[in-house]
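Below is one structure, written out as structure tokens, with a few remarks after it.
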Amino acid sequence: MENVIQELRDREVGKVLEQEPLANHTTMKIGGPADILIIPNRVEAVKDIMDIVKKHDLPWTVIGRGSNLLVLDEGIRGVVIKLGAGLDHLEIDGDQVTVGGGYSVVRLATSMSKKGMSGLEFAAGIPGSIGGAVYMNAGAHGSDMSEILVKARILFEDGTIEWLTNEEMDFSYRTSVLQKKRPGVCLEAVLQLEQKEREAITAQMQQNKDYRKNTQPYSSPCAGSIFRNPLPDHAGNLVEKAGLKGHQIGGAKVSEMHGNFIVNAGGATAKDVLDLIEYVKKTIREQYDVDMHTEVEIIGGNR
């Protein structure tokens, strides 16, 4: 790996770290080490990184700001590319916004509200990056990324980079084409917003923030929603009805504030979280004959 690390540093692609604990890079504060973690300093650096990765036939993984993510205790082999400060550019052209995949969703929503640009009110309080939000079609309060995305610049598994339109992204509830049909990650996105009264936008965002603050445990280390909603029901409702709020395995605990959240109550391992997820699935299946499916992305180990 030393020659790979030196090559990456010689190309000045950004920060390069060895055996970096991914617990330092996830909102759940859980995760084993990455062999090599790279934080690119610009979009073009991603192409240089991929050239080196392919040259040495290394496995690679991309993460954002670490929300909606559970990294296994074994960590991740090969190269982990973290979209962060180097991919947080922002350009405004009329009502269209071009934003880097590493840009904070909350930061963008707040910034646009101050300019009287509407469309991101639903994102107030959503943790994570724009790249991750596009990848999973993040949403809340009756809206999601599919309603504002014009196109996205995607890095695919084979290392190629191209733009996909909204239609080509094949969005549905908390999914996109990037998850299975054409695995890839969003490096930057073009969003269509609209001008509205700044006071109205700010009021709606504050209402959404207050709702999250009062109903979801973001003051504790967590990944966000653990399960997809088994429509027409809600995952949190089923967990609560099953009496599972507060249930704990090791350091992982079902939040007492919201049933669809698992928090790191102290020293939790990924195994603790996985065991708790399976316990919740089994209990819900036995009590309500409903199969629960995870929304949180689980990566690392042999996955």
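Each Cβ is built from the backbone N, Cα and C atoms, and glycine gets one as well.
Copied over from Swiss-Prot:
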ACT_SITE  Arg174  active site
ACT_SITE  Ser225  active site, proton donor
ACT_SITE  Glu295  active site
DOMAIN    29-196  domain 'FAD-binding PCMH-type'
**Request:** With H, G and I counted as helix, E and B as strand and the rest as coil, say where DSSP puts Arg174 (active site).
**Result:** coil
**Request:** Please work out which residue of Arg174, Ser225, Glu295 has the most C-beta neighbours within 10 angstroms of its C-beta, and give that one of the active-site residues.
**Result:** Ser225
**Prompt:** Cα-Cα separation of Glu295 (active site) and Ser225 (active site, proton donor), in Å?
**Reply:** 7
